[in-house]
Amino acid sequence: MSSFKIIDFIYESDGDDDECDMADIVVFGSIVQDLISYANRFPRPGESIRGKSFEAGCGGKGANQAAQIGRLGGKVIMIGRVGNDIFGPLNIENLNKSGVITDFIERSDTAGTATATVTVTDDGENSIVVALGANMEIPPSRAEQLESVISRAKLVLCQYEIDHSTLKRTFEIAKKHNVRTFFNFAPGTSDFDKSLLKLVDILSTNENETEFLTGSRLTCIEDVVRASKSMLRFGPSIAVTTLGAKGVVVVTKAGTATHIPVPRVKAIDTTGAGDSFCGSLAYLLVARPNLPIEEQVRRASLIASVSVQRKGTQVSFPWAHELPEDFLN
């Protein structure tokens with residue numbers, strides 16, 4: 001990893017482009033400081049409760065997914081923005097430790113590093129409020145500035161924690177260069193402009209996000225399959241709907257529809273589980289392209305199931321050496 005210097009609030013490489021040439025995956029997305037309280041239960045509206053413990057950690061859907069890719073051995077670049085505060089360098093250092101190339105992370109003097117206030121209950125469930133801060137400052141022109149970086153990737157992975165226009169421009173540039181696009185529609189909103197999905201090859205959603213996109217009420221697996229199929233009409237060739245402990249549904253434009261169960265585990269903290277899944281799937285799409293999508297999804301689910309058995313977000317994500325060989329080979 002070459003060192004970086006700050007030029008106009010941008011971290012840029014002092015060396016040549018060898019690292020960028022080696023990067024198979026570009027993650028253009030969010031970087032967030034997690035502030036996590038552990039409690040017996042969620043507070044009711046207007047109620048204050050005592051927490052059991054508190055931890056601060058590095059997060060953001062983009063950074064999380066990049067970290068999981070790096071921990072599995074993937075060559076990944078993170079494009080994002082942090083604030084000129086104590087949280088920014090901490091998050092960049094943490095990504096570096098996970099093997100992520102961070103040369104293209106900007107630092108803002110006008111907005112702080114994003115924060116996520118997280119509550120985790122005894123049963124491992126979580127609720128999250130995110131203030132997106134510097135993430136929302138990233139303009140579409142940033143994707144244009146880094147077109148040469150995007151064009152050399154095999155896969156571009158984005159989430160919905162940066163501005164819609166920046167997402168669109170990123171995917172337009174990727175498609176221009178025949179780079180595969182993967183969009184995790186998270187966090188989902190009901191007013192999302194679905195025209196963006198014409199630029200998406202692989203779409204990943206959870207139950208709530210699938211309901212936002214389709215207007216369907218999901219009460220059973222059959223509902224999920226129907227809704228997932230309907231999402232394909234917006235443009236993606238593959239739609240992946242995660243259902244937590246109920247597994248994952250994968251549908252394709254080739255006409256396949258598969259429900260993949262996940263192993264039953266004792267969940268300690270589900271924060272970031274979806275990001276572990278998306279990062280793992282992105283890695284497998286690139287590193288094991290000959291596997292059927294259903295097998296790639298099954299393996300990604302197994303990797304994510306490891307993360308929920310540990311506290312924290314990025315720190316809970318497994319490294320390749322911690323996994324059985326058949327997860328990745």
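Along the chain as shown, residues are numbered 1 onward.
Backbone N, Cα and C atoms are what each Cβ position is placed from, and that goes for glycine too.
Per TrEMBL, the feature active site, proton acceptor maps to ASP275. Classification of ASP275 (active site, proton acceptor) by DSSP places it within a helix.
The number of other CB atoms found within 10 A of the CB of VAL32 (substrate binding site), across every protein chain shown, is 32. Classification of VAL32 (substrate binding site) by DSSP places it within a strand. The annotation substrate binding site is assigned in TrEMBL to VAL32, GLN33, ASP34, GLY60, LYS61, GLY62, ALA63, ASN64, GLU161, ASP275.
Around ASN206 (ATP binding site), a 10 Å sphere centred on its CB holds 21 further CB atoms from the protein chains shown. According to its DSSP assignment, ASN206 (ATP binding site) is in a strand. Annotation source TrEMBL lists ATP binding site at ASN206, THR242, LEU243, GLY244, ALA245, LYS246, GLY247, GLY274, ASP275.
The Cβ of SER316 (K(+) binding site) lies under 8 Å from the Cβ of ASP269, THR271, GLY272, SER276, SER307, VAL308, GLN309, ARG310, each of these being in the same chain and 6 or more residues away along the sequence. The feature K(+) binding site is assigned by TrEMBL to ASP269, THR271, SER307, ARG310, GLY312, SER316.
Taken from TrEMBL, the feature domain 'Carbohydrate kinase PfkB' applies to 22-319.
Taking only the Cα positions, the spacing between VAL32 (substrate binding site) and GLY247 (ATP binding site) is 27 angstrom. Spatially, by CA atoms, the recorded positions LYS61, ALA63, ASP275 include one closest to ALA245 (ATP binding site), and that is ASP275. When the Cα of ALA63 (substrate binding site) is compared against those of the recorded positions ASN206, LEU243, ASP275, GLY312, the shortest separation belongs to ASP275. Residue pair GLY247 (ATP binding site) / ASP275 (active site, proton acceptor) shows a Cα separation of 15 Å.
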